Amino acid sequence: MQILKIPWFGHKTENKTVECYAVTINKDGTRLASGGLDGNVKIWDLTTINVFYKMADQPHKSKKDSTSTKLEESLPDKSLRRPLCSMSRHNGVVTSLKFSPDGRWLASGSDDKICLIWEKDNTQIAKSFGTDEHDLEHWTVRKRLVAHDNDIQDICWSPDGNLLVTVGLDRSVIIWNALTFEKIKRYDIHQSMVKGIVFDPANKFFATASDDRTVRIFRYYKKLNEYNNYEFQMEHVVVDPFKKSPLTSYFRRMSWSPDGQHIAVPNATNGPVPSVAIINRGNWGSDISLIGHEAPVEVCSFSPTLFQIADTPANEEIKFQTVVATGGQDRTLAIWSTCNSRPIVVCSDIVDSSITDICWSPDGETLYFSCLDGSITGVKFGARELGQPVKEDLIDQQLNRYGADRESTILPESVEQLQLEEQSKDSRAISIRRMMPIQEAKPEQTPPISTPASAAIDIERLRKQTVTMTKSGKKRVAPLLVSTSAAPKNVLQKPLEKKRRTKSSSKISQAAYLLPKMGVQTTVHGIKKKAESMSNDTEVEENNDNDDIGENVMANTNSVSDAALKRQRNRRKRKLMELKYPSSFKYISNLPEGLFNNHTLQNIEINKIYKAHSKHKDISAEISSSTAVEIDEDLVFSVVFRVFDHMRKENEVLGQTSGRIRTTIEVRNGKPWDDDISDRDFDDATKVIVTEEGNDKREYCLFFPFRVQHVLPIILNDVLKYYVLCSFHGSVQIISADTGSYRCPTFELGESVVTMRHSQGYMLVLTSSGLFYSWDLKAMKVTMTGISIAAILNNYEIGGKIVVSPIVRGLEINPQDGSPLVLLDMTNDIYGYSIDLQCWVKTVDSWYYGVGADKDLDVVLTGLVKKSKMSYEEDKVTEKIFTYKFDSSNDLEDAMRKRGQELLDLI
């Protein structure tokens, strides 16, 4: 193995090196293109570079030695020790470069959001004014592809050269027609920046890698009887190896093995260790990881050649191996083989900065890689050092197992299916001959001349054409054969026609573009087919084709769209949120009010408004499902913050003086933990930080294995005693405020808590299902457990298909025994729970407000009575309730006043 570093082989500006981001080699192995921070695309002559390998083969000798002198004389002239040309048409950093499979085109992507298509121009170009040396070659821009909204990170051509895919930081995957360079599709299905793209050498799939920690496998194939018109489907999403992959890498450049069996994906993790994930074709499993790098891996690249394993026994089938090179932020180049569990060679600190791109020569024995230090380094392996290279015919045989030689829309599910299809051709023909009796040949009869009646029959058939609905909601008319013959139809053709019709209706997408009227331009947005205008449905066109992509081939039979699945998920999520945060408790909880919104009620009201102002009778499901604002629970409670004032006692040991201080509790919730223990990290624990005003140091910092939603300080006689922490699933933990130690074991309520109250040493908790729990914290005893509020919420109003429950307007805790006091919005009555009677009692009846019954009550009950009276007066003004009008005599009014006063005396 030889490592070649040439001082002038790289990117420099004014004797200063600049970052180099991309390298690529053409199919002949004669040209290498590089791009970097200087915005230039440089073309290098590999014939000139390879001469230096020959000089490295010879042993080092003195300068006076004649052999060394001859070698130096055989080196290329100093005027050739530079790039053949340097093109500066980009307005930003060149981040990606790829030669087309035939070597004619060179695609370059940049952070100026533009992809340029270059072609070599053989015409002689005069020397530019102000330049010392003119370019030895001239490359010109043929197309400018404009569609991205942010930096282009990677580019890849399909193996047949008919497709070009670009990905970028705008999370878009844009597919171009590589013949006309029109935009075919744009998919924005990734949730974050897309940093890698690779095509299957069998020309059936391509894969994309994104910062959303997923690798998506796309299947594509040509449509039936349509030239260069493709169908795209989502095949699989790989998640497991990338759950904890870092987001610090600039690239995620993948590579597909030349035999089509494996995908090498960088920036994966195996536990806490950086790794390279190997994805198997077919089941898309990712059980294999290449572990050896000490920092995230940026790029992987398979050698384009298969190598024969030398020690294969003679009586066994010849085995092959593939070789992959990996590099990343640890400045290390590693060469791996599929027949070894350890790397063939590891070159540590081979460069001074991160490795950004790797490319192999067509013979598979020389590689070049770029680096952020601006250099381009070459590595050449000796003859048979990696193994015996196999012929291209054997590689084609390996790819033909996956249908590389087929362009049919009938998709093979496995290699065995392709073999069975070949075997079944002859058997199918034999079985048909056995079923059909041998008949003597008869002279052909002249077909009868069609009559006008047959035309009438055809018109009736045309009127009964089959109309199908695609996933995007568009209507399509199935084509019918218009025959001018009056001969009867063949009965045997009916099942075939039905099968074809079903198959054509399962298509997910159709061509969304035609050739533009003004010719093929740089950027083609396409023109919708005029046949779609026949539909009466108005559609809002988006700048992507996400609705046209399918999940997989088997899912086409179900015809379930992504939008429908998304609506189902949102519907289930809303139901869970309504169960977890009932709208009846939104006024008594200190949680954000948006969590308690009843989405069903909101949608019904919005539907009424929409139908009143719209000409359409039916409201679309998309509008109905998107009316309610969704709240991310994890984002809302990522930090829980409480600040409160209290008295602090004097402590001579700690040097604390008595006085009024302010304490802050900050809860930093970790990520939701998975059920799988192996996926849990200590870094994901919830952190509780307690600080005091005026004290630079923290009082203490606690860690919990659950995510905290509620924080309740317990203050007795103006002195802070305890902190009460409650999780999302009803785990209640009481902590001593002085030391941070546990006061008691964790309470498990089994469901989320809506609100918490405390008074005079009592703590009251209300859960999402309406159950009350109360404890005496002084004696550490329970006062009431699992008391349901349903007894006083049994009044409900039915409106259409929904049930409107009464809203709890106020909630307080009785300081005498810790029982709840509840104010209802519908009746304005105040209820309390009697621990002695073990039932709910009506503490204050709003019916007696009309006669002015009054009494001096305690502070807690007085506040609820004021709220009740204000709501009562508001209902009178809005005529929700009607008060009784007394006669001229005051006997009835006096009797009611006495009865109301009697009820108040019982409190």
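Placed from the backbone N, Cα and C atoms, the Cβ positions cover glycine too.
The repeat 'WD 1' annotation in Swiss-Prot covers 15-54. The repeat 'WD 2' annotation in Swiss-Prot covers 89-128 and is backed by sequence analysis. The repeat 'WD 3' feature in Swiss-Prot is assigned to 147-186; the stated evidence is sequence analysis. Per Swiss-Prot, the feature repeat 'WD 4' maps to 189-228; the stated evidence is sequence analysis. Summarising the annotation, Swiss-Prot assigns repeat 'WD 5' to 292-346 and lists sequence analysis as the type of evidence. Marked as repeat 'WD 6' by Swiss-Prot on the basis of sequence analysis: 350-391. Residues or ranges marked as region 'Disordered' by Swiss-Prot: 532-552. The feature compositional bias 'Acidic residues' is assigned by Swiss-Prot to 538-550.
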Whole-number mean pLDDT, the repeat 'WD 1' (15-54), equals 90
DSSP assigns the residues of the repeat 'WD 3' (147-186) as 0 helix, 21 strand, 19 coil
Residues in the repeat 'WD 6' (350-391) per DSSP class, helix first, strand next, coil last, are 0 helix, 20 strand, 22 coil
What DSSP reports for the repeat 'WD 4' (189-228) is 0 helix, 20 strand, 20 coil
